[in-house]
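As structure tokens, the structure follows; a few thoughts come after it.
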Amino acid sequence: MTTVAYPPVALASSSSSIISAAGPSILAFNPSTSTVVSPPSSTSTSSNAGKNQQQGSIIRLVAVTEDGKIAASIGDDKSLKVWDIKDDAITLRSTRAMVKKGSHITFGPDQSIVVCDKVGDAYLYPLDPVPADPSTSRPPMYTLVSDPTKNPDCTYLLGHTSILNSHVVTSDGKSIITADRDEHIRISRFPKSYVVEKYLFGHEGFVSALHIPSTHPSTLISGGGDASLRIWDHTTGNLVSKVDIYPAVLPHRRVRASMRKNRFLRKVTEQAPSESNQAAETTTSASADEETFYTAPEGWILPSGQGVCVRKIESVRVGDDTVVLFFSEGAAALHSFILSPDSTPSAVHTIPFPYPILDFTPISTQPGQVLVSLDTAWGVLKKNPSPGTEGRQDVIPRDDLSDEEQKALEEVFTVVSVGAGGSLNKADSAIAQPLSANLPKTNIKTVSNLDLYPLLNMLPRWPGHDEELDEANLPSTPGGDASSIAPSSMTSATNGLRRNYAPEELEKMGTKQLGRLKSSGVDIGNLLVQRQKKAKEENRRKLGLDKQMPPPPKKVKKEKKQLNEEDMANA
């Protein structure tokens, strides 16, 4: 049977090595010696070998310390594994079971491990497991699920009300910044994260990536499903500038979210255009295929947005410039722009690839170069889902591969050189070949069924499904920007925020913007109640429930019987 390599899903780099996660195993590559090491396989006869040296499932997240001596990984089996990395071997240091699936992992300032999960909680794990106290019993799993503060393996940091997608600890180690599916960016003290310093409002869609450049420690770059990346001064909470990304990203989308039945029997295009939709409409250079890429057949719907999900943001130093790199999940291109010191808009550079990007990481030992991993099985073993396939891509049935296809599947790594002005070009490097040659192998069926793009279905809103009815039908601000309305801090809502708005201004605002104003103490009257009633009536009309219904029978009030003196005496 033909075997193929597991796709390298996650990458991370340190000052001395590159970590690649593929399938249930991790690889460590030393660019200085061109050597690749991995944990012992399950077929090894050594005493430390076996399945306990593997993740047990596909690894989704990986992180490495700055010196490259310790790595941590999280897989679909909800296990947190810590690895010791040496020149000649990778050995498993510890394994801890997590209560929920992780969504992001990094190392803290003191080599502690910061993990956020898909339920909305963030935890701080010590590097090594806490010894169990024999005098106490471990809380049952249902207790840990309902109350994460009772987890004896870690310290509970903070919680959001939706999926936590990304986090970053500031360079001084005093704050942690978290981002979730509900457009929230929260800045809290670290590690006493119950103290909230401020919120950064302005995103209209989910926020899936955060980054603080090492050359600009007070700058935060955020991105997700919006038409632009936002650049903040996280010390003040001010929005510095925005970088429009739709014109660069949309032409290179390859993977699309799955479709769901339209239970309201109406087209999504009936909704008022948001900033993201308007930005997509202004991209006039799109071809016919690009224009129909995110259009569902009649009776089906796609999630809101344009299929854009900024998966990762990094930065590298090139000369005197700081170049910001990013990519969108399911897109076959890497993008870059110069981080301008005077907040002027920067041009976005793009380098296309024949396959969707899985991950990328800067190569610390080779300044100005970036390692990129590709999903070379796309179009050969997998394709975009057809109506009725939910939560994954369609499989292309294959029993065997030609020699050309087999060779193409092995070219999963490529190196990109970042030039002056942020330009991107493919570079010749000796890194890709040894990494590709040492990837673990599996069968065609396993690779075909791997879902490598879960965020495309998980993060965008589904109109009429997981949105409130009033949110799905109320118009957003025509051409507006929420960042000009919402306060930058919940604790200082009056700072830079007008207390009084004209009725015409309030009418143009979206529901979320009105809700933020109301929570900040701004008087918006009963506008939200009116819109909710109007939205419910509109939905009832579209569903055919607006027929005249017989009025409910009126309750007849019984008259109290007057008692005479004889009746009262008998009573």
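For all residues, glycine too, the Cβ spot is worked out from N, Cα and C.
For 33-47 (among others), the entry in TrEMBL reads compositional bias 'Low complexity'.
The compositional bias 'Low complexity' annotation in TrEMBL covers 274-287 (among others).
The compositional bias 'Polar residues' feature in TrEMBL is assigned to 485-495.
For 535-545, the entry in TrEMBL reads compositional bias 'Basic and acidic residues'. In terms of DSSP helix, strand and coil, the compositional bias 'Basic and acidic residues' (535-545) has 8 helix, 0 strand, 3 coil.
If you look up TrEMBL, you'll see 33-52 (among others) marked as region 'Disordered'.
Taken from TrEMBL, the feature region 'Disordered' applies to 267-289 (among others).
According to TrEMBL, the feature region 'Disordered' maps to 464-495 (among others).
What TrEMBL lists as region 'Disordered' is 525-571 (among others).
If one looks beyond the repeat 'WD' (52-93) by at least 6 residues along the same chain, the residues whose Cβ comes under 8 Å of a Cβ in the stretch are 6, 9-17, 19-26, 28, 30, 33, 35, 37-42, 99-107, 111, 113, 115, 125, 127-128, 450. Positions annotated as repeat 'WD' by TrEMBL: 52-93 (among others).
If you look up TrEMBL, you'll see 200-242 (among others) marked as repeat 'WD'. When DSSP labels each residue, the repeat 'WD' (200-242) comes out as 0 helix, 23 strand, 20 coil, counted as helix, strand and coil in that order.
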Counts by DSSP class (helix H/G/I, strand E/B, coil) across the repeat 'WD' (52-93): 2 helix, 23 strand, 17 coil
